[in-house]
Amino acid sequence: MKGSTAIPLSPMITIQDYQLAAITVFTIAFMGTICNSLVAVFTRRLASLNNAFGRLTASQAAGEMILCGTFAFYFSPMVYFDSPWMKQHAQYAGVVLLMCYNICIVSHLFIALNRMCAICFPLKYDICFSYRNTTYLIVFSWVLSILLPFFLHGIGECNLLYSDSAWVFMFRATERCGFISWYFDFGQDFAVVVFIAIIDTITIIRVRLTAAEIQKSGCRVTTSKRTRDVTFLKQAVAQGIIFAVELYTYFFLGWEFTNKWMIFLFTTVAWNVVHCCDP
């Protein structure tokens with residue numbers, strides 16, 4: 001998701017290249033901003049989502065909305081107009097992007113735990129995910145996600161810098177930055193994605209076992225509901241896989257190319273597509 005210390009070798013970039021890259025990112029990011037805004041609003045207004053799951057989903061959507069909005073209304077104009085001032089301050093936009101990404105992935109983790117608790121421990125669900133506990137989880141996800149990038153990348157030397165070579169954010173090419181980006185960014189995010197996949201797999205297994213028992217009792221309505229639950233959980237697992245693939249493309253695959261458009265596709269574009277489609 002967040003960069004590499006490699007510097008791509010690209011031929012001269014024309015003004016048309018800048019404009020095409022900016023329009024591409026703006027189109028995807030603007031759609032993501034709108035979609036996530038709608039999710040954040042409607043999950044709070046729909047009575048059926050006036051619960052812990054709805055609140056956690058709204059929190060995640062808010063983080064994704066800010067991330068997509070940063071790409072749409074800061075990154076895209078910066079690239080389109082080739083603004084020196086915006087490029088000079090792009091590292092601050094980079095910190096915001098890291099914060100929002102962390103909010104999204106931590107929120108995904110809590111949503112996965114919410115699903116597992118509802119399926120595996122239904123009698124304890126109202127206690128574990130009470131209004132107060134859910135509020136604590138949301139506050140924790142935002143505070144942790146903001147403070148960690150702030151201290152590691154905001155006030156430290158390991159900034160996420162914008163590179164014109166392929167319209168991409170990259171970490172500084174230092175040993176300390178390499179350590180932080182590998183263990184605190186890629187490693188941490190990949191570990192959370194794997195943990196989410198494990199939680200969802202356990203939940204799916206539990207749903208299937210319960211569905212098999214219910215089917216033996218001849219309760220068709222409940223079985224139908226369980227089938228829908230399994231479909232929903234499979235979609236959640238697919239989201240986790242997409243996040244893992246995007247981490248791989250941003251940290252590894254994109255840098256196997258020297259063509260600026262391929263690097264741009266597997267880094268900046270991939271990052272935007274994931275958060276545009278995530279809601």
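Positions of Cβ are set from backbone N, Cα and C atoms, glycine also.
Automated prediction, rather than curation, is the source of TrEMBL annotations.
Noted in TrEMBL for the protein shown:
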DOMAIN    35-148  domain 'G-protein coupled receptors family 1 profile'
TRANSMEM  20-42  transmembrane segment
TRANSMEM  62-80  transmembrane segment
TRANSMEM  92-113  transmembrane segment
TRANSMEM  134-155  transmembrane segment
TRANSMEM  190-211  transmembrane segment
TRANSMEM  232-255  transmembrane segment
Within-chain partners of the transmembrane segment (92-113) [C-beta distance under 8 Å, separation at least 6 from its ends]: 1-2, 53, 56-57, 59-60, 62-64, 66-67, 70-71, 74-75, 137, 141-142, 144-146, 148-150, 153-154, 159-162, 169, 185, 189, 192-193, 195-196, 199-200, 203, 236, 239-240, 243, 275, 278
Per-region confidence, the domain 'G-protein coupled receptors family 1 profile' (35-148) (mean pLDDT, whole number): 95
Best-contacting stretch, by C-beta pairs under 8 Å, relative to the transmembrane segment (190-211) and drawn from 20-42, 62-80, 134-155, 232-255: 232-255
